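Participant: Annotation comment: Swiss-Prot describes Asp82 as active site, proton donor. Positions annotated as Zn(2+) binding site by Swiss-Prot, on the basis of sequence analysis: His83, His180, His208. What Swiss-Prot lists as dihydroxyacetone phosphate binding site is Gly181, Gly209, Ala210, Ser211, Asn230, Val231, Ala232, Thr233.
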Amino acid sequence: MSIISTKYLLQDAQANGYAVPAFNIHNAETIQAILEVCSEMRSPVILAGTPGTFKHIALEEIYALCSAYSTTYNMPLALHLDHHESLDDIRRKVHAGVRSAMIDGSHFPFDENVKLVKSVVDFCHSQDCSVEAELGRLGGVEDDMSVDAESAFLTDPQEAKRFVELTGVDSLAVAIGTAHGLYSKTPKIDFQRLAEIREVVDVPLVLHGASDVPDEFVRRTIELGVTKVNVATELKIAFAGAVKAWFAENPQGNDPRYYMRVGMDAMKEVVRNKINVCGSANRISA
């Protein structure tokens, strides 16, 4: 088995009306927990790492882990660069083997965003690497960056059409009312806006900020054309909460084989639920 481009996964999802879950990873345990469930449920998966992830553990180490686990679990997977902001950083990581990258220029004006994304697309497509970009801007906290509500804005459908045409991007992350992190109240998702974007944009659409969004809302976005669903915060909360509870019950405990497994098992339940919500189970042949 191998690490592949997300475009092959997303093309199948778009053709068959489901979404591929993209789970953020941080170390060997998070990769293993996610793939244990994906292997069992035969779900395609995208493992995503932010620049902050690769400050914690080198890309080359993450890549080696993903390659090994792909063989262990006999399934293809995509390793994805999430929320990267420079061509130089992406270029280095693509040369190291990655075949999926998100270039995030959403904080730039439209024309600057287009210019940056187009430069990344031109390079990545020469390396069989798919490219995701974002138009519109989500609020909340992602990695080390915080975007307040006043700076967030939703994706304009006609701008989305122009953006895809000008850049040649493979998938588009849209801002329709979700945010990174948790919500203080139920998010207001602009389903009509999503439907209008889907009418004029042919490439796969991506939902960022799916943690803590009601399952029925996520399912509705998939019905309207979302083919990649990003999940990060819920995984971390489940893992950390279970480990904290274990230490509360075992204050003298010190063996990572036990407390890490508790965290992994809690994370696995989140993964299992998201696969069911995305409708991605049994999409990989045995």
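Including glycine, each Cβ sits where the backbone N, Cα and C put it.
Tell me what's around each of these sites.
Facilitator: A C-beta separation below 8 Å, combined with a sequence spacing of at least six in one chain, links Asp82 (active site, proton donor) to Ala22, Asn24, Ala48, Gly49, Thr50, Thr53, Met102, Asn230.
For His83 (Zn(2+) binding site), the number of other Cβ atoms no farther than 10 Å from its own Cβ, over all displayed protein chains, is 24.
There are 24 other CB atoms within 10 A of the CB of Ser211 (dihydroxyacetone phosphate binding site), with all protein chains counted.
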Participant: Taking only the Cα atoms, work out how far His83 (Zn(2+) binding site) lies from Gly209 (dihydroxyacetone phosphate binding site), in Å, as a whole number.
Facilitator: 12
Participant: Using Cα coordinates, what distance in whole Å links Ala232 (dihydroxyacetone phosphate binding site) and His208 (Zn(2+) binding site)?
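Facilitator: Counting only the Cα atoms, the answer is 9 Å.
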Participant: Could you tell me which of these binding-site residues, Asn230, Thr233, has the greatest number of Cβ atoms within 10 Å of its own Cβ?
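Facilitator: The residue with the densest Cβ neighbourhood is Asn230.
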